[in-house]
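A.B. asks: This is the structure, below, for whatever I ask next.
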Amino acid sequence: MSKEVKPESVSLNPLGTAAAPESELLCIYGTGDLGRSLGLRLLQSGYRVVYGSRRPHSCGPLPQGAQVMSHAAASQSAGLVFICIHREHYEFLEALAPQLKGKVLVDVSNNLKKNLYPEANAEYLQRLVPGAHVVKGFNTLSAWALQNGPTDANRQVYLCGNSAEAKQAVAEAATKLGFSVLDRGSLSAARELEDFPLQLFPEWRLPLRVAVGLTAFFFFYVLLRDVVYTYVYEGKDISFRIMVSLANKVFPIVSLIMLALCYLPGVIAAVLQLYRGNQIQAFP
Ligand SMILES: NC(=O)C1=CN([C@@H]2O[C@H](COP(=O)(O)OP(=O)(O)OC[C@H]3O[C@@H](n4cnc5c(N)ncnc54)[C@H](OP(=O)(O)O)[C@@H]3O)[C@@H](O)[C@H]2O)C=CC1
Ligand SMILES: [Fe+3]
């Protein structure tokens, strides 16, 4: 269940009812999946949201309560602008540089591959709009996660940027949305943040190769030992067994070896540690 977050300072008027102060206005460029999910969360967290869009009159359904305008008009009264647009469409922001001067721009973008571009997306954005303070962040969250609010696996927001105040402003918004913020330093860390989402199972190649290699080895071993041997020495053709009996032998063997390869180093380390040290001492 989503919890309603009230604006920070709520003053009571003479009738004793709460008069909420005007909440902060944030701007989002781009009305796509991420823009909409982020807008919804910001509205739920007590912000006012204005979208900047190429087509303010025909951009499809937006979260209730959000306004939508042209890019230039939308960012006019907001200090913080989330750029929820793919990097390849960033060029148009160069023309908006005068309007975006002094504003905090949050670059949420990701790439499909590592090293696709010579510089990080956020650094490119900073180059296009030199007068703005670019902060990289939120890119490790999916639109889905944003919409559903923070869960245990999706609680962290990484930020980096050259201006400490700009980072602080973004960190405040992230905290208000319920995320915990991890500061990763200056904008030169942007590339590292952009690579994060591409790093699911970063070391999958070796285990896959070991599994394929072991499967091939044991398949031929069992084939020779069971089928070819029986055929040569006993004259019986049991090749019909290849598909079932052989697979039934090969897969358990490979699984057990893989499991052993996973656990054995830990067991050996534990034994060594028993004799050579403890968990505080550095491992020999
Ligand atoms: N979707 C996700 O889960 C995540 C997305 N991201 C990042 O967020 C950014 C947006 O992603 P997502 O919302 O999925 O993308 P979408 O394609 O859903 O939306 C992108 C939006 O960008 C605007 N746009 C498209 N082309 C242009 C153009 N030529 N010039 C100006 N604006 C344009 C459009 O808004 P309009 O029509 O209003 O102008 C469009 O709705 C990307 O950089 C992505 O890497 C990061 C983390 C997760
Ligand atoms: Fe286990």
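The backbone N, Cα and C atoms fix where each Cβ goes, and this holds for glycine too.
Straight out of TrEMBL:
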- 27-111: domain 'Pyrroline-5-carboxylate reductase catalytic N-terminal' (DOMAIN)
- 206-224: transmembrane segment (TRANSMEM)
- 250-275: transmembrane segment (TRANSMEM)
A.B. asks: Would you kindly list the residues that approach the transmembrane segment (206-224) from elsewhere in its chain, counting only those six or more residues past its ends and only Cβ-Cβ distances under 8 Å?
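C.D. replies: For the transmembrane segment (206-224), the sequence-distant neighbours (Cβ-Cβ under 8 Å, at least 6 residues beyond its ends) are 242, 246, 249-251, 253-254, 257-258, 261.
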A.B. asks: Could you pull the average pLDDT for the domain 'Pyrroline-5-carboxylate reductase catalytic N-terminal' (27-111)?
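C.D. replies: Per the prediction, mean pLDDT sits at 95 for the domain 'Pyrroline-5-carboxylate reductase catalytic N-terminal' (27-111).
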A.B. asks: Count up the helix, strand and coil residues in the domain 'Pyrroline-5-carboxylate reductase catalytic N-terminal' (27-111) according to DSSP, in that order.
C.D. replies: 28 helix, 19 strand, 38 coil
